[in-house]
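K.L.:
This structure is in structure tokens; I'll ask about it shortly.
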Amino acid sequence: MEGFAHQLVAGIATGGIYASVALALVMIYQATHHVNFAQGEMATFSTYLAWAAVQGGAPWWAALLGTVFASFAVGVAIERVLLRPMRSAPVLAVVCAFIGLMLIFNSITGAIFGYAVRPFPSPFETSAPLLGGLVSGHALGSTAVTLAVLALVWAFFRHTGLGLAMRAAAYNPVSARLVGIRVGWMLALGWGLAAAIGAVAGVMVAPVVFLEPNMMLGVLLYAFAGALLGGIDNPAGAVAGGFLVGVVENLAGAYLVGAELKLTLALAIIVGVLLLRPSGLFGRAVESRV
Amino acid sequence: MSGPPIGSARASGAAGPDAPAASRQRRAIAFALLLAGAAVLIASAFLLSPFRLFQLTLAAGYAVAILGLNLVTGYNGQISLGHGAFYAAGAYTTAILMTHFDWPFWATLPVAGLASGALGYAVGFPALRLGGFYLALTTFSLAVAVPQILKHRAIEDWTGGVQGLFIAKPDPPAFLPIEADQWLYLTTLAISAALFLAAWNLVRGRIGRAMRAIRDHPVAAEAMGMDLAAVKTRTFAAGAALTGLAGALGAVAVEFVAPDSFTVMLSITLFVGMVVGGAASIGGAVVGGLFIVFVPNLAESISKAAPGAIYGVLLILLLFVLPGGAAGIGRLAVARLWRRDGGR
Amino acid sequence: MATLLEARALTAGYGGPPVLHGVALAVEEGGVTALLGANGAGKTTILRALCGMIAASGEVRFAGERIDGLPTEAIARRGIAHVPDGRGTFAELTVEENLRLGAITRRDRAAVAADLEGALTLFPRLRERWRQQAGTLSGGEQQMLAIARALLLRPRLLLLDEPSFGLAPLAVREVFGALARLRAEAGVAMLLVEQNAALALDLADRACLLETGRVVLQGEAAALRRDAAVRRAYLGR
């Protein structure tokens with residue numbers, strides 16, 4: 001059963017990444033009822049920024065920190081400039097905007113950095129695998145980082161005034177305004193936070209899948225699946241969903257469908273959840289759409 | 001709305017609510033334009049280089065593909081980011097029948113249409129329960145999963161796996177002294193024209209009105225007795241069939257099918273083509289088809305990343321500046337033209 | 001007494017034809033003005049227009065400064081607390097979080113703590129429900145929560161939209177008793193929209209009668225209470 005344990009642990013590690021991106025997706029969805037298709041490409045771009053910083057000689061953790069702040073700023077800017085005027089636009093228009101964003105980020109990344117596949121350094125490399133050969137240094141470190149990020153975000157939303165204001169703006173923007181909350185800026189902050197989380201996820205996944213402009217496409221799909229599975233309007237549920245999807249992907253990939261059909265598995269999860277239990281395992285009931 | 005979109009040689013004269021004389025005059029002009037356009041297109045078979053013919057053949061095919069997307073998303077409001085899957089279904093059906101069963105190309109077309117139509121119908125059922133973002137998300141996931149499915153070992157013997165399948169353009173009939181690519185160009189044009197005519201008829205009739213009613217006022221439509229499920233699934237089937245036929249046409253023009261030709265980028269490209277040409281526009285699909293063949297070609301000479309950037313910027317610009325796409329400009333121009341004529 | 005809120009030529013609607021036609025009204029510093037009228041007369045629309053929640057034209061002055069055209073959150077920050085129809089509580093959040101949100105824009109922590117104590121004294125039931133989700137409270141409790149949250153803004157002016165709506169008589173008495181105490185002890189000015197004219201006129205010192213978007217009668221509450229037309233139409237005698 002050593003293989004099983006190994007897959008399980010690896011699944012938790014990748015699950016942490018899916019959970020982070022799922023959280024970013026859900027944060028934006030809760031506040032705006034929009035699904036950010038560009039989340040993956042934004043994270044890829046952030047990862048390239050980190051790579052460039054490291055190539056330029058910056059220490060790894062400083063590069064990560066700088067990237068996180070830069071991504072936060074970009075996220076805020078996107079919300080204020082592009083999405084604010086689209087607040088009440090029809091769904092097709094918003095989908096267009098997100099796809100457009102996705103394409104722009106993808107092509108900027110390709111234009112600046114080229115399409116070559118590159119290795120990405122990890123600060124957790126160990127010479128020998130840890131925990132009795134069960135897990136690589138990176139997997140352990142990456143899991144620790146994503147868990148830390150998730151815990152920080154949770155604490156922020158639960159225990160700070162700003163976090164409470166952001167939750168209020170997401171749940172009930174009209175009432176939030178009545179108590180003086182600047183709802184527009186809360187949405188912008190939410191976008192910034194989502195972008196920052198995405199950046200961390202990207203930097204954690206790059207050493208595993210190698211850095212190239214399309215690296216987050218599969219991750220995005222799994223994050224969608226995780227967010228839907230957990231409940232697209234429930235951040236904690238989305239996180240749980242992300243971990244679950246990571247484990248299922250790894251186990252199913254190893255024992256059931258083979259590595260070649262992993263993306264199809266994500267598709268199956270998405271379709272299955274939306275048809276059988278649209279509110280996800282932990283979410284509230286979704287309004288029916290005619 | 002009445003009035004033929006400008007730049008479309010495919011739309012025949014449309015009836016207007018004006019005085020019969022003006023309407024007859026408009027119909028005559030539209031018909032004349034149509035004949036002239038057809039003549040130009042046929043003549044170009046003999047005037048243009050084989051590469052240009054190839055591009056136009058592709059453009060015609062993509063126009064039909066975008067038309068299929070337009071039916072589903074533009075006219076019926078079901079956002080599909082996965083139409084590339086239907087394109088692939090049609091392409092592979094044709095390729096498999098031609099490679100493994102030696103079918104002539106023309107015989108594969110109805111099968112390709114049926115196969116992709118059936119796939120569309122199957123997708124249309126779960127789509128009933130979804131809407132807006134959820135449908136976009138699901139179809140997007142389908143598009144991402146397609147290459148992986150096509151590469152799978154279990155069907156490798158049929159699909160040719162990663163390497164794909166090679167097929168050959170059909171030869172022109174013996175009595176016609178033309179080249180194979182000219183023949184393909186002309187027949188693709190003819191088939192596309194027929195499909196456009198069929199779609200145009202569908203859209204301006206009762207079913208088209210039902211499609212739009214369901215898009216704009218689903219609750220009211222249902223209250224009035226429309227069978228939403230039937231219309232929506234059949235629209236998906238029809239749209240998928242059109243795009244599948246386009247896939248077949250494209251496959252034989254390129255003479256090659258392989259999984260990596262049908263990535264999510266194809267679905268996104270079709271989507272961009274629809275938006276640029278104008279959602280819910282028959283003529284717009286032609287503009288869209290031309291756009292996605294010629295613009296990336298020009299753009300790629302600048303940089304590999306340029307096509308994506310252009311698509312992205314255009315999508316966002318169009319949202320703010322010209323939500324109706326090219327068809328929007330077309331309708332505006334036509335309206336102005338007829339107003340000056342005193343046709344209204 | 002100084003005029004705290006003054007509206008002139010207030011015209012507003014929801015996109016189609018205007019619902020309000022040149023409404024003029026005023027609230028005194030520390031006074032209570034009642035807004036009466038039948039369903040659809042435009043009472044809720046006035047409150048929404050005053051708070052910048054809908055597009056409106058006309059002049060609105062608060063403590064001498066013009067606030068028409070300002071976004072809702074800016075108006076709230078100037079000291080106008082609106083308790084909307086339907087209560088507007090954050091159903092997914094707890095009572096504690098709802099109340100914290102009332103004071104979210106304030107920096108004076110000690111005063112906030114004092115105000116919180118005051119609100120809980122006014123509405124002791126909320127203390128019992130402290131950790132409960134607001135959406136699970138009864139109608140009366142939600143109304144009290146909404147008012148308490150508004151009070152935590154330490155507003156100079158309280159806008160109340162139909163506080164008695166959907167409440168059992170006992171709860172109504174509790175709520176209005178609290179309002180009366182507020183007015184007596186804290187001197188908070190109020191603009192009170194109420195269908196229950198008798199209740200409103202008891203509490204208020206001035207009143208406005210609205211009919212299809214126009215003010216048809218205005219004056220001292222006592223005078224309106226005696227007015228024959230008002231008595232017939234709204235007081236049932």
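Placed from the backbone N, Cα and C atoms, the Cβ positions cover glycine too.
What TrEMBL records for A:6-28, A:60-78, A:90-117, A:137-157, A:185-209, A:215-232, A:239-257, A:263-283 is transmembrane segment.
What does the local environment look like for each feature on the list?
P.N.:
Tertiary proximity for the transmembrane segment (A:6-28) is limited to same-chain residues at least six positions away from its ends with a CB under 8 Å from its CB atoms, namely 34-36, 39-40, 43, 131, 133-135, 138-140, 142-143, 145-147, 149-150, 153, 190-191, 193-195, 197-198, 200-201, 204-205, 208, 216, 219-220, 222-227, 230, 232-235, 238-251, 254-255.
Same-chain neighbours of the transmembrane segment (A:90-117): 34-38, 40-42, 44-45, 48, 51-52, 78, 82-83, 210-214, counting only residues six or more beyond its ends whose CB sits under 8 Å from a CB of the stretch.
Residues 9-10, 12-13, 16-17, 19-20, 23, 122-126, 129-131, 163-164, 166-167, 193, 197, 200-201, 204-205, 207-208, 235-236, 239 of the same chain lie 6+ residues outside the transmembrane segment (A:137-157) yet bring a C-beta within less than 8 angstroms of a C-beta in it.
Only residues 6 or more beyond the boundaries of the transmembrane segment (A:215-232), in the same chain, are considered here, and those with a CB under 8 A from a CB of the stretch are 14-15, 17-19, 21-22, 24-26, 29, 35, 37, 39-41, 43-44, 47, 201-202, 205-206, 209, 238-246, 249, 262-263, 266-267, 269-270, 273-274, 279-284, 286.
When Cβ-Cβ distances below 8 Å are used as the criterion, the transmembrane segment (A:263-283) is approached by residues 218, 221-222, 224-225, 227-234, 236-237, 240-241, 245, 248-249, 252-253, 257 of the same chain, each at least six residues removed from its ends.
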K.L.:
So what's near the transmembrane segment (A:239-257) in sequence-distant terms, Cβ-Cβ under 8 Å and 6+ beyond its ends?
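P.N.:
Answer is 3-4, 7-8, 10-23, 150, 222-223, 225-231, 264-266, 269, 280-282.
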K.L.:
Apart from its near flanks, which chain residues at least 6 from the ends of the transmembrane segment (A:60-78) lie with a Cβ under 8 angstroms of it?
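P.N.:
Sequence-distant neighbours of the transmembrane segment (A:60-78): 42-43, 46-47, 49-50, 53-54, 101, 121, 123, 188-189, 191-196, 198-200, 203.
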